[in-house]
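Q: Mind having a look at this structure? Questions to follow.
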Amino acid sequence: MMSGSTFGTLFRVTTWGESHGRAIGVVVDGCPAGIELSEMDVQRELDRRRPGQSTATTERHEADSVEILSGIFEGITTGTPISMLVWNRDARSSHYDSIRHTPRPGHADYTYHVKYGIRDHRGGGRASARETVGRVAAGAVARKLLSEFGVEIAGYVSELGGISASLPRWTSRGSIEREELLDIRERAESSPIRCPDAAASSRMLSLLDSVRSDGDSIGGVVEVIAIGVPPGLGEPVFDKLDADLAKALMSIGAVKAVEIGAGFESARLRGSEMNDPLFYENGRISFERNNAGGILGGISTGAPILCRMAVKPTPSIARSQRTVDMVSGESVDISVRGRHDPSIPPRIVPVAEAMVALVLADHILRQRSARLR
């Protein structure tokens, strides 16, 4: 039994499907009735995630056209489960015949085999990045809910292959204006790398071309910011907001580390440097800086939510790598065929945004049941 495919408490999401199966999809349960939602709302987010958009992504071409099967009537959510489906159109399973019994280094081939005794070797099966189609579709629904509360989410690539973008130091500021965040998002979306720094984006692309020519891959850093998040979200002690965000982001394939706010830098700061001073502004409590990343004690403060994640290099590379043949019991060398992203961070951005949206939507619904007044 594979029991880890459902996420959330009140706003619950179950993804299903494999990379080379007939289709892939998601069921969203717990979305309140009365929210305007169309296939175009979902398609807009899926188009940002889909492969084949630039030289920075895999050459697999999938339209990723979504079909909403239930939960919507005349463009309005009904409060019943929302089921969404995307057909797989461009799978080339023959590319994977040679690795049926030879687990690829860096992939989940070996661990899925050990756990279940059987695995779908075609494109990674359930462990493929293709699974994130369902996450992004569900995230589109969550974002429609969050828009009712004025929440905005934006993600971007801040580092790729050791090349860093020149960006504001968000932790040094207690707030981020909506216009500034939307500008960052627009600049990121205009870049094939999804990096809002045009000069850094150009250097990243050049590096990516070089790495691809070498038959190799590179990783990077993705950041996600959420503003307009109301204070009070989070359920201590085990369902803290930052704990759920970390789980959500770590559940994305290739993500190897997550930071909230100052993150690992906080280990090098003194308390006087780490603590965010409070002050009154227009009758409301605000913060002079945001090392906490918008969360204290597992509960949102109302300041921007700041998340960063380290994304490892794509494990599928053309270079020869040592592995084993699980039938013959011998050591062998393989080079991975197929169409793969030379670097994953640009495509992880909409997935990471979706996971943050799912967590915030879930906690907004939970908070509405936490107190009467």
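Glycine is no exception: its Cβ is also placed from the backbone N, Cα and C atoms.
What Swiss-Prot records for 42-61 is region 'Disordered'. Annotation comment: Swiss-Prot describes Arg49 as NADP(+) binding site, evidence class sequence analysis. Per Swiss-Prot, the feature FMN binding site maps to Arg126, Ala127, Ser128, Gly297, Lys312, Pro313, Thr314, Pro315, Ser316, Arg339.
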Q: Which one of these binding-site residues has the most other Cβ atoms within 10 Å of its own Cβ: Arg49, Arg126, Lys312?
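A: Selected residue: Arg49.
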Q: How far is it from Ser128 (FMN binding site) to the residue listed as 'NADP(+) binding site', counting Cα to Cα, in Å?
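A: With distance taken Cα to Cα, the residue listed as 'NADP(+) binding site' is 14 Å from Ser128 (FMN binding site).
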Q: To the nearest Å, how far is the Cα of Lys312 (FMN binding site) from the Cα of Arg49 (NADP(+) binding site)?
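A: So the alpha carbons of Lys312 (FMN binding site) and Arg49 (NADP(+) binding site) sit roughly 18 Å from each other.
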Q: Calculate the distance in Å between the alpha carbons (Cα) of the residue listed as 'NADP(+) binding site' and Arg126 (FMN binding site), and round it to a whole number.
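A: Given the Cα positions, the residue listed as 'NADP(+) binding site' is 17 Å from Arg126 (FMN binding site).
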